[in-house]
Amino acid sequence: MSNPPHGGVLKDLIARDLPRHAELEAEAETLPALLLSERQLCDLELILNGGFSPLEGFMNQEDYNDVVKENRLASGLLFSMPITLDVSEETISELGLKAGARITLRDFRDDRNLAILTVDDVYKPDKALEAKEVFGGDEEHPAVKFLYETAKEYYVGGKLEAVNKLQHYDFVDLRYSPAEIRTHFDKLGWSRVVAFQTRNPMHRAHRELTVRAARSHHANVLIHPVVGLTKPGDIDHFTRVRVYKALLPRYPNGMAVLGLLPLAMRMGGPREAIWHAIIRKNHGATHFIVGRDHAGPGKNSKGVDFYGPYDAQYAVEKYRDELGIEVVPFQMMTYLPDSDEYAPVDQIPKGVRTLNISGTELRARLRSGREIPEWFSYPEVVKVLRESHPPRSQQGFTVLFTGYPNSGKDQIARALQVTLNQQGGRSVSLFLGENIRHELSSELGYNREDRDKNIARIAFVASELTRSGAAVIAAPIAPFEKARQNARELVEKYGDFYLVHVATPLEYCEKTDKRGIYAKARAGEIENFTGVNDPYETPAKPDLVVDCEKQSVRSIVHQIILLLESQGLLDRF
């Protein structure tokens, strides 16, 4: 018999509303519709299938306020994470959102009707309070950045009626709903289940940790990785799931099963650990492993941890009686080479020799093709990782030039393209400012909003080419720091990004202008001209600073080649 769900009843809205499917589908076609984002789809799926029980919809203002301030729903039941549907003021007006209104929620990928929302209320959240109480308030925290930069200004609360399941086309056999995994446990005869949350590949230490947890609690293991949204820069879920499948035979026969969780993580540390425990309880687990820095986003730009290493364990311990799932705290596992075994760090006697490979070191070994020892990971796991992580000389990268008009960006970019093409080994794509404006952004103007859109489009194309192993060279003006930083973050999901500030002085750019564009701008014939009547924000942290007044194009290209070579991106001779 699996663990009762949070609140006592599994809120499986898919099963509840299935008898009314035809009626709801017909009504959904007649209602105003809202296309959901990827994060909203993740939340919706886990509301509809009962993963977020006792929720039956997106939180209204009363529930939201109590969760933010007290870790509880208005009913008093423990719940630590706000589950909200954010909308803009424009959307409120377009869809007629008000109490009692009904709207269809659709999948942005295929326009499929997923649910009908009956609006309870529309409210403006206190984002500063949410950021502080739920995530700690650090503006560099990814969830706080999402609140301020991405989430719309209003939330809509209300109950849901399920119309259709979300369609998935990958690893369908592993995507158990809470009801399905509970049935699977019953079929296997499992009554005690330890759930293990992860957003990373698993290695020998993780296998040892989960087996120890199962052994000490006389339980079986549910490997329950997140395949929704995780931390930017994480290894993609396709690779990770192949790793988990490769690892599974290393468990004693019948000990472990693999199930995938379509969760949009918030990286919320202590609050998230409580939330994760509730979700695993809803999936029938009786025990839940909480490790060091559980669901933490790491460090901020000053090198300070967002959360303490064991804050998450303290949080779940505080609410253990209410959670209804036994939390299994675990220290980091470390390898002891002299005895060829793993042990928790707090159980290793002083003076005993230990070995460990950090995540940073593992990524470095994958990039360089260096050996990953068998004491750290299994050969079949390493094989999967190497398939998705070719050596540095085969990885894509982007070089983005920024500077005033006529600063020499285009000449440097063209020369760099020729140099890389001469070397060979990967395709090279060149995007010059005027070409991009003509081919990709012809309808955009030169105000700040349109300039940012132009850089965002360049970054999107560059990220896709980088992902496929190409070298991308882009030379827009890119005058604004935020747009440049957003471009870096997008491209770095898939490969290296190098910002080159072509810091040729404005006076020199104007003096050597043979096309007369500066003169026209000075005469008022060209509006929003960077350096004359529109600002240029000097890059805060460029990877390279060059100056065409003092340096030749050839010497600048050589500097860039040396930079790329030092990072292992070019073949060494």
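Every residue, even glycine, has its Cβ placed from backbone N, Cα and C.
Record features (Swiss-Prot):
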- T198: active site (ACT_SITE)
- R199: active site (ACT_SITE)
- N200: active site (ACT_SITE)
- Q197, R199, A295: sulfate binding site (BINDING)
- Q197, T198, R199, N200, G291, R292, D293, H294, M333: ATP binding site (BINDING)
- E434, N435, I436, R437, R451, I477, A478, R515: 3'-phosphoadenylyl sulfate binding site (BINDING)
- 1-169: region 'N-terminal' (REGION)
- 170-394: region 'Catalytic' (REGION)
- 395-573: region 'Allosteric regulation domain' (REGION)
- H203: site 'Transition state stabilizer' (SITE)
- H206: site 'Transition state stabilizer' (SITE)
- F330: site 'Induces change in substrate recognition on ATP binding' (SITE)
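Shown on the structure are the features that Swiss-Prot records.
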residue : record                                  : CB count, 10 Å
T198    : active site                             : 18
R199    : active site                             : 20
N200    : active site                             : 16
H203    : site 'Transition state stabilizer'      : 21
G291    : ATP binding site                        : 22
A295    : sulfate binding site                    : 25
M333    : ATP binding site                        : 22
N435    : 3'-phosphoadenylyl sulfate binding site : 13
I477    : 3'-phosphoadenylyl sulfate binding site : 23
A478    : 3'-phosphoadenylyl sulfate binding site : 28
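In three-state terms derived from DSSP, H206 (site 'Transition state stabilizer') belongs to a helical segment. Taking Q197, E434, R437 as the binding-site residues under consideration, the smallest Cα distance to M333 (ATP binding site) is found for Q197.
In this structure the alpha carbons, written CA, of D293 (ATP binding site) and F330 (site 'Induces change in substrate recognition on ATP binding') are 11 Å apart.
Each of the binding-site residues R437, R515 was scored by the number of other CB atoms within 10 A of its CB, and the lowest score belongs to R515. For the recorded site, Q197 (sulfate binding site), the DSSP three-state label reads strand. Non-local neighbourhood of H206 (site 'Transition state stabilizer'): F196, T198, M333, each in the same chain, at least six residues away, with C-beta under 8 Å from its C-beta. Around Q197 (sulfate binding site), the same-chain residues six or more apart in sequence whose CB sits under 8 Å from its CB are H224, P225, V226, L261, H276, R280, F288, I289, H294, A295, listed in sequence order. Within the set of binding-site residues (D293, E434), the lowest number of other Cβ atoms found within 10 Å of a Cβ is recorded at E434. Model confidence over the region 'Catalytic' (170-394) stands at 94, taken as the mean pLDDT rounded to a whole number. Neighbour counts were taken as the number of other C-beta atoms within 10 angstroms of each residue's C-beta; across the recorded positions F330, R451, the minimum falls on F330.
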